[in-house]
Structure formats: structure tokens, C-alpha cells
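Annotated features, as they stand in TrEMBL:
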- 263-272: compositional bias 'Basic and acidic residues' (COMPBIAS)
- 184-235: domain 'Spondin-like TSP1' (DOMAIN)
- 336-389: domain 'Spondin-like TSP1' (DOMAIN)
- 607-666: domain 'Spondin-like TSP1' (DOMAIN)
- 743-802: domain 'Spondin-like TSP1' (DOMAIN)
- 1008-1049: domain 'Spondin-like TSP1' (DOMAIN)
- 1258-1311: domain 'Spondin-like TSP1' (DOMAIN)
- 1485-1524: domain 'Thrombospondin type-1' (DOMAIN)
- 252-272: region 'Disordered' (REGION)
- 1574-1602: transmembrane segment (TRANSMEM)
Amino acid sequence: THFDWLIASQPNSNMVTKNLSMHRSALCHYLLKASFKAASFPLRLCTNLCVLPGPWGRCMGSECGPGGSQSRAVWCAHVEGWTTLHTNCLQSTRPANQQSCFRVCDWHKDLYDWQLGEWNQCVPVSLRTGRTGVCLQGEEGIQTREVNCVLKADSSAADDAICEYFEPKPRQEQACLIPCPQDCVVTEFTPWTTCSKTCGLGLQNRVRSVMAPPLFGGLPCPNLTDFQTCVPRACEGRETVFSLKVGGWSESRQARRRKSKERKGNRDPEMRELIKSKRNRNKLNRLEDNLWNMEIGYQSRQVVCVHRNGSTVSLSQCPHWSLPETFQSCLMTKDCVVSEWSVWGSCSKTCSDPSVPQGTRSRSRQLIRLASGGGSECPQLEESQACEPEGDGVPPCATYAWRTTQWSECRVDALLSQQDRRRGNQTGLCGGGVQSREVYCIQANAELLSYIYSNKDKQASKPVDVQLCKGTTPSTTQLCHIPCPVECEVSLWGAWGPCTFENCNERVVKKGFKFRRRTITNYPTGGEGNCPHLVEAIPCDDPSCFSWQLVKLEECIPEEDMDCGEGTQNPQVRCVNSQGIEVEKEMCAEEVYPSSVACVVPCPKDCALSLWTEWSTCSQTCSSKTAEGKQMRTRAILAYNAGEGGSGCPNTSALQEVRNCNEHPCIVYHWQTGPWGQCVEDTTTSTLNSSSSAEKSTCTMGVQTRKVICIKVNVGQVPPKKCPEAPRPESVRPCLLPCKRDCIVTPFSEWTECPTSCETGANGQKNKQFRYRMIIQMSANGGQECPDVLYEEKDCATPSVCPGYRWKTHKWRKCQLVPWSIRRDSKGAQENCGAGVQTRAISCRQLDGTVADVFQCLKFASSMPVMSQPCQLLCRDDCQLSNWSKFSPCTSDCVGVRTRRRALVGKSKKKDKCKNGQMYPLSETQYCPCDKYNAQPVGNWSDCILPEGRVESAVVMKVQGDVKECGQGYRYQAMVCYDQDNKLVETSRCNSHGYIEEACIVPCPSDCKLSEWSNWSRCSKSCGSGVKVRSKWLREKPYNGGRPCPKLDHLNQVNVYEVVPCVSDCSQYIWVAEPWSVWKVSNVDLKENCGEGVQTRRVRCMLNTVDGPSDAVEDYLCDPEEMPQGTRENRLPCPEDCVLSDWSPWTQCDLPCSGKRDRERTAFALRLPKEGEDCPVSMQTEPCLLNRNCFHYSYNITDWSTCQLSANAVCGIGLKTRMLDCVRSDGKSVDLKYCEELRLEKKWQMNASCTVECPVNCLLSDWSAWSDCSQTCGLEGKMWRRRTVVEASQGDGRPCPSQMEQWKPCPVRPCYRWQYGPWSECRVEEVVCGVGLRFRNLSCFVSDGSGDGKSSIVEEELCAGLEQAVDGDQNIILEETCTLPCPGDCYLMEWSDWSPCQSVCVKGQRLDFTPVQVRSRAVIAQEPENIAQCPDQEWQTRPCSIGECYEYQWMGSPQLIWCQRSDAINVTGGCPPVLLPGTDQSCDPPCDKPQTFCSEEGVCMCKEGYTEVLTAEGMLEQCTPIPVLEIPTAVDKKSDVKTSRAINPTLPTTEQPGRVGRTWYLQPFGPDGKLKTWVYGVAAGVFVLLVFIVSMIYLISTILLANTVTELSSNNRLKPLTLAYDGDADM
């Protein structure tokens, strides 16, 4: 008894063992909520055990559909929550753990789906909860519907689990809102009518109309009529109680004529007229009788005498009235008759292609007889339907494709800015550019269709209408690149070489030259011919091809084995050629070998001199009369001689030697070349080419020539023999002739269609048709030229017969009366006079007068003229008058009168009654019209519109800035013209063309203007690679859409930099030291002239050239570390002391610098010491220490430069470079030779191509044609034109303008329309009551189209061009039957006007109900005794759109109360009765909660500052202060927070019906609709906070700006080290 089976699904088996110590009921509750919400049988609780059913697991099986199985786990559990063995539970009660199921697979989704039923009627929540009360705004309700899972095939029911596998089950309930019952709302009563009788007892009536119908069970409409009796006065004599009443006309009847054999003389006058009319009937009328077939019949009506109680009495009771006509002629009623439908015509689509829209086919039926006499109108005579061509052999449809012409030449000038000076020189521009092409449409499969239809030969495709091509239009512009010519760059001149033969192999002439050369450092476009001359020559004497070159002089050897004294130095030489290259010594056998040089080895007592320095560079490159070249060398005194026995020191002049150099005259020659000529055909090989070439080829080899002349420098051209022949450039070279390219054009397009109408074109000119062709490829290189004519036009031929149809009316037939046999007893029967009907024939004609089918006029012509009209045959006593003449002309406007006249005709002239001028006036007079017109402007000014020039081809590339997009234009304002009656008339009446024009300016865009480039700065390093910079500064910012500036800096300034690497040759500047001065000995031994002393010399930094140091420069350009000493202190050797030479340079340290190796330098003895003494040490060593005297070397790569373009390029492909530095291990840049000597690896690319984005300006399409006017008439019509962006701007190009559309007003045209006048009163002829007629006029009205309803009646001629229709209804009704009630009748009034459109609303929000309008008819009674016979009152509704929301409320005081609608109309009904002023407003139950009161609606509400908390039943529980500090939790079922939201029944919701969401709202409005006090406080606090924040931001920004300006002003002299600005923000 302590155990029972516990069931759980397999996926949730672990949850069973949680919280084993929970209480039994808590455990069950936990398991129920956690795992067993979908239990299939109810929870069963026993004393000591808990059984909770669980859901089944997933359906498993090998096949889809029925046959699957699902299982669940079953445990034996104790009531305390722990599980035990299955044997402890009763096995007989063990639930099943497996069952069969339906296994759902993915493909079942196509077989099963949820079936949603219709929503049921909204049921009020009060029916479920038991809540009742007064409905004030609306009541919450619930809608339900059926939701089932069904098999789609037969809608049979299926298990919901199948559909839930794919989609959750849709909701079955939703909240809805039931509006409160709405009573019928009626207007106030009208005033009482006058008494129905002038004497005796009568009735007065007052009526009202329905404003809103009853809805949702509201009260029905009350009586719309109120009666009261009245007695104006007592009747004198007998009261009239009988009235003559006329009935309505019967249907038309055909007169049957008797076929009696009467004598001709006895025929009645009408018969004689009929016979005569039949004989004279014209042929046309007889032909058209079948179509029109109008027969004249007659109608009759009854005339009775009625009593005022409504009963009919004998006519004799009404003897004092003359009886009206009881017969009248009329057209016989005949319906329209048409034939059967014809066979369907052929399909307009004659080809097969599913992607092409369907065609149409039509069928028609013939008109057999037109309707007459009010018969049914003709049905549709033609109908059409979509179709596809049928049958075999249907050809394919024409397909269309875009084609493009050849790209035009690349243009760079379109990318130039306004200030670019290169605009004037467009020939040398290069780099990035734009090019354009034309786009046209062709028929893509024209060749196939041509073969199918006519087997024509293949032809080039001709252009067709561009509207036939679909899809994306190919681009018409693209970026392109013109290669920039590479300028030739050459090195500096090398040194002059020796005097050599021009050609060492041919030494015929004893004439020689000295040459100097330079090399090409940057090869130009077009080859070396574009470089300056590379060789210069100077004539010289005694040339030689080989010479001995002195390497050095050996040690001085004294003569005769002496240790000192005079001796010789033997030269070390080598044999070199004219280029200085060592060759075999045998080549110099003919040259004089250098001799030995005399020298002196000083003895110990002799003067010791240093060795001679090297010869200085020659001071002149050549010699002239005024300048000779000189070289100098020097030596210094190292030790003085002894006083006695030694050779003395030479004087100062002997310490230097000078010799002449470059003694050749300054006569320099070089070859100069002209530009290469055009490539022309080589006549020497053309014959061979033509004979050997079997196929046509327009590309052949040609030759180019150029002029080569000999130039003497500073003189000019000289004979060629003056220049050496060997370096003479070639004057002829082969070349490839450019291929000839013929012009290719398309065939002409088809001629455009001419207008089908006969109207002329604009300004009365003839219409034109044109055709055109496109140039696909331009001619080049002598090919066939393009034709001049690409566009042809011609006048359209005027059609001989202009298509168009019109109605032609024929003569009216004779007036036909009612047959005499029928009217013989009526008045005038013997005279054959009275009212009748006459008809006429109508025919359809073309504009040239030829007869056409009536169907064409019904389809294309204007309204059909009337075919019948009433007529009058005058009797003997009637007066006959002529028609009115035209009015006489007026002498001037607004002055005098005008008249028109008519006259009596025939016997009427003699009749006295016809001479009565009042009854039959013979003249009419009226004032002359006063035509005064007033013109005035109306509407706004249009956009500023530039004058339109000639129409350019749409394919011409238009870049904004190249076409006229700015300047003076005109803006327009419409003019309106009014007449003296303030009626709108045509503007031509005011002598105006409809506009006021005013000049205006479209501001021209101005591009960003920068300064020119500054000069390049000096290279930042004097040795190795550095950078040089140039910059531009902002001169003027862009405006009006000009090209934008580059990014601005923090001072809102533009500073554009270009940085390029540069290399300074480390040997470009060298230190040059002059010879040491004479020793200045401090401790002078006058006898020996030796001791400690000082020597000085001048050290200068000089520019190093090929010819040696030339000019002195600033010392900072030379390396200070390498600067030689300017002074030295040493001991001046005494006589007989050893004298050493200067130290040799230090030997190179072996790499790597490890500190373990040494370097050394040596000196040698120039003078040996006296015997017994030794020379000092002549060799010094020092360790090789890293970065002190031993260095490692490595390459260093610089950053890339900015992208460098050619000087004539704007953008496109450029070159960026970087440099190699040789860097010493201590970081110092040194000459590249140090790295090159080490043969270090160079693995870097030094140049790379780069791209500068092109500043492409915005490319716009042409302005479209002006659109049609937005209104056909009126004051507010506008015309628009638009343009589109063909290509957006790129880079720094000019952006697209913001104005992509323009408008201008349309000329003001009056709005004419046909409009009915009011109905006349019901007229019954000669009697008191009965069926009569009422009439109205169709008049022409004019308005300004503004929709304010103001219109004026004008002459009908102004509406002559309009179709006769009123508000689109062509059925014009100008008369209709009406009933004039007889005295005593009770009858229904005319229908009231339709009420305003109104919606069903709750609290100002429209609900999902159709808005309606309503109208009504009230009852009018005239006799008190006939009120019981009155008909019922009537009202009708109709749907409408955009209804208004109306509110109703009681107005007034307890003494005077009425109900008023929100549009200030007093009504009856609509106001809730519980809100009636003066009634008991007590609430039930009473409002006894704190802070509550009873509102006008009889509902307990909270006072201001509190919000309502309601119970679940909707009753007020308490009032809580605002804001709410504690929000009710979800567990709290007792309380709920009131919300004033309306529930939209159409919105989905997941909430349970009847329950309001657990959210609270601050209510800013009180019960009276006014803002609560706390809202104003919050608003004031927010405003103060905003003011404080804005003030603090302003103060902080002011302080920061002041500090920034101070810092900038203090550092304004410092220029930052800036790299190139390329638009990258990271830079």
C-alpha cells in the first residue's frame, strides 16, 4: 500500500529522482508541472501512493505511417518519491508501457495540414463570468473556431500529433470587442408646415431624417413625422371635396388601321398625309429602315375624379375642369437586336515564345436594329481575349539584344578640374581617362527569321526601337588609360678620353678625336631616338689607339749604390686602349715607353721634403684664347737641413708645380637627330610583298626616316665630315605599317511611323518621320571613311482619306399625330393639329463624306444625335411665329443694348390675339455683354529651368561640367484669367500665354581649388636614401556641388603632400684639404730649426664632379666624421734625425668584427738618421672593434613613395618607388659601394605599378521630355521632367546634383463639366393632382479644379467638346415622372440626402466594420381621417469609405437638456440614458473604497494621482498611488491592473480570453480628459535638465577650443614632418 506505479516518458526519466524527500502532494504537483502536463488520464491520489500518467515517447518504426510504436518508462515509486523494485507494486495495475502509433515522416507535410474554421460570433465575457453592467464603450468578448488536423486529399480527420510534428497548433480562441448597442439617431424636427387647408380642419407636419441606423441591437428609429391639427378659419360655403386626378401614360401601342374600302375622297387628312409622306420618302431613309426601324405609336392615360378621402367618383362630380389630353404620339418600344458572335479572329501574336506576352484575338457581332422608344440598349458588340498562336510551323518570336559601338578615343580632359592649367593643352594629356560608346538595340534573331520567311542573305543587324530591348543597358562610359610617354633621362657627362683614332682598325687619316660619353638612365617611350646626343667629340692631333698608363712610381734608388743623394724612380705602367681598358703590352709597342723620373733621397743632413701630391683636376675642360687648363701639385718640408754640409730646403715657389692640361681647343661636335617620320611603305620591297602575298593583308613593313646633322656646340650645323663617323646615328629604320581599318556602319533603321491622324505637328508644321544608322567602328590609318549622312528625315505623307468618323443627320420627317381613328373625339381632331412626334434618319460617315458602317461611329464618333423629338402642328387658332434672329451687334463692350426679333407668319398676322405683344413678344432686348478680364498669378514659382538648346544625341558623353548645367535660366508662374463675374476663362482672353517668366540663376558648381605644387624640398639626407616633399594648400573650398576637397585637417584646412624617395650620392660632397702649412715650431732651436711644432691647412666641403671637386658648398653637406684634420701637432725632426712619410691608410678589418683581429698602417723613411740612430716605429696596429673601427654593413629598404604620375596625367596607372640604403652597423647610411663590395643579396623589387583613382564626375542622362500635366484643367497642374544617374561619381569627381527632377506649372485651363440643375416642381397639366412630369436642365459649369465646390454656369458652347455625361454617367435624364398628391392623400416625401459617412468606433478608434451612410423618407398627411392609410416610413443604408468617428453627449442644464453630436449637430438618440443630467448617478455597489468617487458614467473610479486595481471580475478593489511601487506578480490571481487599451479583434494574441495583461501604465489623463498635474511637473523637470546639459556642453567646448587655439598659435612656426597624404585615414 505504500507503493504504486510511476510513469514517465523515457527522455525525462532522470527527473523522477529529483527531490526524493519532497512531500507527497508537492511531489505529485512537481511531477505534474514538470513532466506530465500532457497526461492521457487524470491524476489519482491515494493514501500512501502517487500515480501520475506521463506522455508517450517518440513514435518509432521502420516505415512511415501507421504501424509505428511508442513507449514510456514505468517505475514503482514510494509516496516519498524514491523508487523501488517492480515486485513491490501490484502487477495487475501496472500501466502499459508500449502502444501503436502513427510514425510521421517529412513527406507527410504535403499530405496533412491544419484546417481552420471560421471564427464564431463574438460572445461577451459576461456570459462566462456572470458579470453584468451598463455598456459604455464596448464589451470584451471571445471568439472560437474549430482547428483540426486533416488529410488534404479528402479533408478527413487525422491525429493532431501529425500536424503538430510540422507546425504548432493554431490558436482556437481570440479576444474580440463587441460594441455597445447603438440606437437609431435622428435629426431635430423641421419647423411645422403650413396647414394643409386654408379653411376647415387640416393638418400640420414636421419631419426629421435618420442620421445613423440602429446597430448591435440598439433601439429602432422613432417616427420621422409628427402631426397636429389646425383650423385656419371656418369655410364659407360648401367645401371642395373633389379633385381631378391624372394617371400615368400607358405603354406604347401600335395603331391598327381599318382595311375598309373607302373612297379616296373620304380618306381622313392624316391618311392622305401618310400616303404623301410614303411616296416622297428618300432612298436613304428606305435603306436604313431595317437598322433604325422606328415606328410611331401612341399612349393613353386615365383621368378620374377623386374624393378627398381617396375614393373615385364619376367625372360628372368634377364638371368645372376641362379634361386634359388622354392620348399622345410616341415611339414604339423596341429593343436593340444584334447578330450572333462571329468566329474568333486570328491571334495578334504570330510567333511562339512563352516569355513574350500573350496576344489578343477578338470577335464581333453585327447591329441589326437599334433600340428606340426606351427599349433595352445594345450589348457589347466586340470582345477580345488573350491567346497564343496555334498549329504547327509557328515561327519563333523576334528576340532583341543590346549592341554597342566601338569605344571612342580615351579622353583625359573630362577628368580635369576647373583650375587645372592642362585644360589648354589637351594634346599631351595621358594617364587615366574616360571613353564612351553608343548603345543600340537590334533584333537578335533577325538572320534566322529572314531565312525562314524569305531566305535572304545574311546582313548586318540594323537598329530598332530601344524600348524593345529589356534587361540591363550596357554601360556607355568606362575608365581607360593613355600610356604616358616616358621621358629620356641621361647620366652626367663622363671625363674626356684620350686622343684616339675614329676607327682604330682603319687609321687612314691622321685625324683624331677625344670623346666623352653619357648613358641613358631611363629609356624613353619610342626608343633612344628621343634622347639627346650621348657622345661628344673634340678633334685632336696625334691620335693613338693604345697608350701607356702610369700606375705608380717605384721607390727612389740612389745612384752608384749610395744610401742617399740623387737617384731615379722607375715607372710601373700598363697598356690601355682608348676606353681605358688594359690590354696586352704588345699593343703599345709603337708607343713611347715612359722614362724613369729623377728623384732625391735626402741624406741625414739634407732638407727632407714630402712626396708630390696628385695632380689636381684641370681647371678647364678645353683651352681657348682666354682660358687655358692648368693642373697643380704640391709638396711640403718635413725637416730642415743641418746648418752645414746638408742640401738646403727650396724656397716656397719650388714647393708647387703647375702644368698645362686639356690644351685642345674648345671645339665640340656631336650628331643631332630629328624626330622619326611617319611609317611609309617601302617602295623597294612593296613589289616583292605584293607578288609573294597570296592573301589580302593591309599590314605591311615600311620604313621611317629622320634627319641626322652634325652640330658644332655654340655654333650650329656644320658639314657632316666634321663629326666622327663611327657614332653617327642611323637615319633609316624598318617599321610596321598600321593596319587599315574601314568604317563599319549598321544599315538604316526602318522609317519611324507617321501619325495616323490628320493633325499637323507642333506650330503647324508637317509631321516628320526619320531613320538612322550607327557607326560601329571608326575608320583609321587610311581605311574607308565613314559616310556623312547618319540621320535622314522626310515629311510624312498626308493620307488621302483621313481616318475618322462622324454622324450625319438628315431632314426631320413630318410631325405624326395620334391616329385620327383614336383621337377623333378629342379636341382638334377635325383640324389635324396638336402635339405629335417626328423622326429623322441618321447615317455614319467618314470624314470625307463616304458612308461607313454604323458600328464605326458607335465606336469612334461622338454621342449619337437624337432620332426623335416632340413636335406641334398648329391649329387654325394658333399663332405661328418665325424663329428668333441673332442678336444685333454691340458697338462696344459694356455700352448699350442688343436686340433680336421674330415675326408673325401667314394668317397669324391678321389675328388679333397674335398681335398681343405680352403673350407673343416679337423682340427681345438685353444689355451688351461686359467682357472685362483680369489676369493674376497663381501658385508657386517653378524650379529654375535652363533654356533648352538643340537636341543632342543621347549617346554623346555628357559629363557634368562639360555641358551647360548652370547659368541664367527662367522660372515660371502660372497666370489665371477671370472675367468680370470672377469666372475662370481661357488665359488667351487676358492676352497671356499662361505664364509669368522671370530670370533666375542656376549657380555653377565651383571645384575645390588648391595651390600649385611647391618646389621639391632638398633631399632629407646628404648620404643615402631620404625623402623629398612638395605640397599644395587650400585656396578655395568647393561650393554648389563642385569637386570635393581631400580630407580636411583639424584646422579645417587642406594640405596635400607628395613624398618621393631620393638618393644622395655619398661621394657627391667631399672634403678637400689644401697642403699643410709650414711648421710653426714653438720651442725654436735657432741653430737646428726643429722641435715641437704645429701645421695647419684649410679644409673645405666641395661638390664632387666627374672632373673632380669643383665648387665649395656648405660644410654641413659633407660627413663630419670624415672631415680631415685642419691642424696637427708634431715634432719637427732635427737635422740628422729620421724623417718618416705620412701614415698610410688603415688596412681593412676582416669581417665579421670579432675584436680578435687587428688592422695596421705603415710609414717609410724619407730620410735616414745619422749613424747610430734608428728610425721610430713605422707600423701601427689596433684591434678591430665593432662600431669603432670595424663595421658590418646591410641593405635597408625604404617605404614606398606615393603613387607618382606623369606630369600630364590626372590619374590612372603610376609608379611607386623605394630605395636601397647601405647602413653601417652603427646605423649610419654610407655609400652603396660598401654593401656592393660585400656582394650582399638584393631581393627587393624597387619599382611597382600603382593606381591613382580617377576623379570621375557624375554622369547624368538627358532631361526627359516634359510629362503630361498632372491635371487636365484647373490651377494646380504641374509638369515634371526627370533625369537619372548614368554613372555615379568616383574619387574626387564632381558629385551628382541633388535636383534630379524639375517641375513647372501647366497653363491654367478652366474646368468645364456638365452638371444637372435642380428638379422643377412636379407639373400636372390643367388638373390638381396625379402623375405628372418634373424637369431639370443640363448646364455647362466652370470651376478652377481646386475641389472647393465653387462653380459657375457658363455658355453651353464651352462644353461642346465634352462628352455629355454627369459624373461619368452617360445616361442623361432630364425629365421623369412624378406624382402630385391629391388633397387628402397621405404620401412619402422625397428621399433625404445621404448622411455623412460614419464608422463604428470605440473611444475614437475605428473598429473593423464597414462604414455606412443612411437616408430616409418621412410620411406627409393632409387629412386627419386619412392618417391610418399612410404608408410606412423608409430608410436605406449603403457602404462608404473613410468614415468619421462621432461622439454623443448630453448638453444643457437640468431645466433644458439635449443630445449633441461631436460635429455640433443636435440629434435624438446616441446619448447613453445613464448619463442623462439630473438622473440618479449613484453607483451600485457604492464607492466605499478610499480615494474613490462615482463618475458620471455610474462607475467607481479613483481620484487624481491614483490608479485603479481591479479584481478578476472587473470590480474595483483598491486605488493605488502613482507611480506604482509594487507590481502584482503572476501568482497573484486576485488583483489585476486596469488598462484603458482597446482590444483589436484582428490582432493575434496568446493571452487567455477574458484576462487583462499584468502590466501597469501611468495615466497622464484624468477622467475629465485633461492632463494630470504630475505630467506638467515631469515636463518642467525634463526641460530644466536639458538646459543644464546644453549649457555644460557649451562651456566645455569653449574652454577646449581656447586651449587648442593657444597651442596652435604657439606652434604655428613648426612644420610637421609629414608623409604623403593619399586619403588614408590611418596616415
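Including glycine, each Cβ sits where the backbone N, Cα and C put it.
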Legend entry - Cβ contacts under 8 Å made by the domain 'Spondin-like TSP1' (1008-1049) with residues that lie 6+ beyond its boundaries: 417-419, 966, 1055-1066, 1068-1069, 1116-1119, 1198, 1201, 1219-1223, 1229-1231, 1255, 1257, 1292-1295, 1297-1298, 1618, 1621, 1623, 1625
Legend entry - Helix, strand and coil counts within the domain 'Spondin-like TSP1' (184-235) (DSSP): 0 helix, 19 strand, 33 coil
Inset, instruction - Take the domain 'Spondin-like TSP1' (607-666) and count its residues per DSSP category (helix H/G/I, strand E/B, coil), listing them in that order. - result: 4 helix, 19 strand, 37 coil
Inset, instruction - Run through the domain 'Spondin-like TSP1' (1008-1049) and tell me, per DSSP, how many residues are helix, strand and coil. - result: 0 helix, 16 strand, 26 coil
Inset, instruction - Could you give me the DSSP helix, strand and coil counts for the domain 'Spondin-like TSP1' (336-389)? - result: 0 helix, 19 strand, 35 coil
Legend entry - pLDDT averaged over the residues of the domain 'Spondin-like TSP1' (607-666): 82
